[in-house]
């Protein structure tokens, strides 16, 4: 499916009723191997160097099409393989959307004052004229993701993430104020059985490296019950702060002090190996049609964050050793108590 999306042309794009322009991730359903003519100029919603604005909360951050692409490659390199294949492509809004769109989507198309083709689609929020996506004049850069199977075919279970943020300007989530929060999670279904908690710690590592603070829910395949992994979806708000490392994203790791051996070995390899994570990301994304995918400062940021994760693991090991020493130490003699007999 990834190779299908990666081709330069599609016979048809997508059933237009599914279009959600906020993150500009369009799902490819049909494609051919025809080649697209060279496109000298096109538009994308945000440039690569556009960072999260300092006064923006995580829930009002921009959705970046290139972040979805980079997240897929990062997930693959980390060995999780839980993200849907995503690739970039330049889209002709007229012949690939407008000409085949359903009537409901057609109503959202318009010509801007700059004479560019724009549309805003239908969704729960941000789908209006003031948040429209516009081409130049009809060429638009975006990301294309493979569809998951329909829920009627392969059922999925939607759960709130236990380390979900408050999504409020003033309130904090419980885990942000309770250092022992993980103790309650460990004994609560479904996290008290199987490896789902370890999988979520994997997800926190993945999110920390990409800077994604927007992990509010997760989905698993119902048919596998508690043995299913969390599917990595919705990464449009990742890769927005290359100069800031958001340590709170690592709360599942630092509060639970658990990590899979395979994940730890991968991180050690990325830190100590001949090729750093940044090197592997460059290689993996080199053939994407809209490369370069990431702004240059994100590459050293990823390597820096791998080191921070390993330092957090080291801190957990030292903490565990200290607690073990405290538990194995003989009890101290209190004042007024009878001293043990000397040998």
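The backbone N, Cα and C atoms fix where each Cβ goes, glycine too.
According to TrEMBL, the feature region 'Disordered' maps to residues 321-343, out of the candidate ranges 298-320, 321-343. Checking the candidates 63, 296 against TrEMBL: the one annotated together with 145, 146, 147, 148, 219, 234 at the ATP site is 63.
The ATP site in the record is lined by 63, 145, 146, 147, 148, 219, 234, and its two most distant CA atoms lie 20 Å apart.
In the three-state DSSP scheme, residue 214 (active site) is classed as coil. Within 10 Å of the C-beta of residue 145 (ATP binding site) we count 23 further C-beta atoms, all protein chains included.
Between the CA atoms of residue 146 (ATP binding site) and residue 214 (active site) there is a gap of 21 Å, rounded to the nearest whole number. Here the C-alpha separation of residue 214 (active site) and residue 147 (ATP binding site) works out to 21 Å. Taken residue by residue with DSSP, residue 147 (ATP binding site) is part of neither helix nor strand, so it is coil.
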